[in-house]
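Novice: There's a structure below that I have some questions on.
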Amino acid sequence: MEFRLWIGLWSAFFCLVLVATDASFLVKYFTRFTEEGFSCLISFIFIYDAFKKMIKLAHHYPINSEYNMENITQYECLCMAPSILENESELIDDPVEDPSMWYLNYTGLAQNQSWSRLTKSECLMYKGELVGKACNYVPDITLMSFILFFGTYTTSMCLKKFKTSPFFPTTVRKLISDFAIILAILIFCGVDVFVGVDTPKLIVPSEFKPTSPNRGWFVPPFGGNPWWVYLASGLPALLVTILIFMDQQITAVIVNRKEHKLKKGAGYHLDLFWVAVLMVVCSFMGLPWYVAATVISIAHIDSLKMETETSAPGEQPKFLGVREQRVTGVLVFILTGLSVFMSPILKFIPMPVLYGVFLYMGVASLNGVQFMDRLKLLLMPAKHQPDLVYLRHVPLRKVHLFTFVQILCLALLWILKSTVAAIIFPVMILALVAVRKAMDCMFSQHDLSFLDDVIPEKDKKKKEDEKKKKCGSMDSDTED
């Protein structure tokens, strides 16, 4: 913990140096290629971890796929006395001659207790053996968990899209859409209670205190390591700083895209300054370091979007902008802090429901990402391809080559993250900028202006259509 504290202090110092030297100007090198590579990686991690946790749960509560109704009378599970002794000197008599006489106080089981009447936990506590075909299978829990998992995800997606539904007034549709996730959680918590299957629940502490009993609220900075460790911790701190800088700045760039129509100025340096200050506090208290959290930030900006309240049949609402305020951000983190006092309620939330929320957040943050649209083009015949502006000006093979380079970079980052070389992962994130710069040799600036431009797709397409329409009208006038 002391070593981690010094890494955090060095990282905070490096971040303050970046703030003082106006290093946030480097975001001009973060093009759509870098943004999408980083945000897609974070989204894929959310999706992968959700499925990974569910598969791990299925291994913990396995399903008996060989179950046969004809053999139902053979399925049982009994607790038997241990047949192999660790210390034969504790034997009273030969168990073959007298099975009732085993050994003295070896298991701690009372003399008047019967092994067959013990529960599973009691049987294992007294070192007994579980014998029978039904001992290792708990099918209901796994099946119910997957129902909760996919049910939460599907319901969240459907309720989020409910604002475009033809049913109910606009206010009701918008209210349901805004609270889609919390409604999905409440619905499937109710399903879990109604069915009554003992699915794994969220583990929350019973009291408010540090997780480890071996430390207090604050980590002491000195005394646990040699003096040179305080200087050596600057090296891993440099890698942490790169990762935090990339996470913070790329998230800020995504949030401040032109398509969001934000009016207030961006505070790149101010945000990084507060990240540095909070890193010092979190390091001293042993808390997780504070970052922008790309997926959560994108979800937040999506929830604040304003659209026209149209009443014409079949007319789609138009995006007006984002409600720029600090109320929701402050309230979200106040409620997050207060959630530590909600453990009596939170402990009833099934873990599969939360994994379903993770899956939803990972998938939802991929919406509108040009990389995902180009991935679909790989499997789509030319006659079914949508009218995208970059397909009008860039050859399809160039579009596929650009997509292939992004896939290769994401694959390398994923492999690196999953191996022992993950410590240099932040440097490889930074290498995305260098890869994008090298792509100037593979693609013309004309192609890159359409494939890697930050101008929103719909705005570019709209301007081009207007230009064509204007040129068409001028040509007709000339002919007349």
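Each residue, glycine too, has its Cβ placed from N, Cα and C.
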Novice: When TrEMBL marks a stretch as transmembrane segment, which of 46-64, 141-159 is it?
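Specialist: Going through 46-64, 141-159 one by one, TrEMBL gives transmembrane segment for 141-159.
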Novice: Against which stretches of its own chain does the transmembrane segment (404-435) lie, if we need a Cβ under 8 Å and a gap of at least six residues from its ends?
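Specialist: Distant Cβ neighbours of the transmembrane segment (404-435) are 29-30, 33-34, 36-38, 40-41, 44, 236, 239-240, 242-243, 246, 371, 374-375, 442.
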Novice: Are there 3 or more C-beta pairs under 8 Å linking the transmembrane segment (327-346) with the transmembrane segment (141-159), counting only pairs at least 6 apart in sequence?
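Specialist: No, the transmembrane segment (141-159) and the transmembrane segment (327-346) are not in contact.
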Novice: Which residues of the chain, 6 or more past the ends of the transmembrane segment (227-246), have a CB below 8 A from one of its CBs?
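Specialist: Apart from its flanks, the transmembrane segment (227-246) reaches 3, 6-11, 14-15, 18, 23, 38, 272, 275, 279, 289, 291, 423-427, 429-430.
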Novice: Grab the same-chain neighbours of the transmembrane segment (179-197) for me: Cβ-Cβ under 8 Å, and only residues 6 or more beyond its ends, written as numbers and ranges.
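Specialist: Beyond its ends, the transmembrane segment (179-197) has Cβ neighbours at 140-141, 144, 147-148, 151-152, 155-156, 159-160, 162, 348-350, 353, 356-357, 360.
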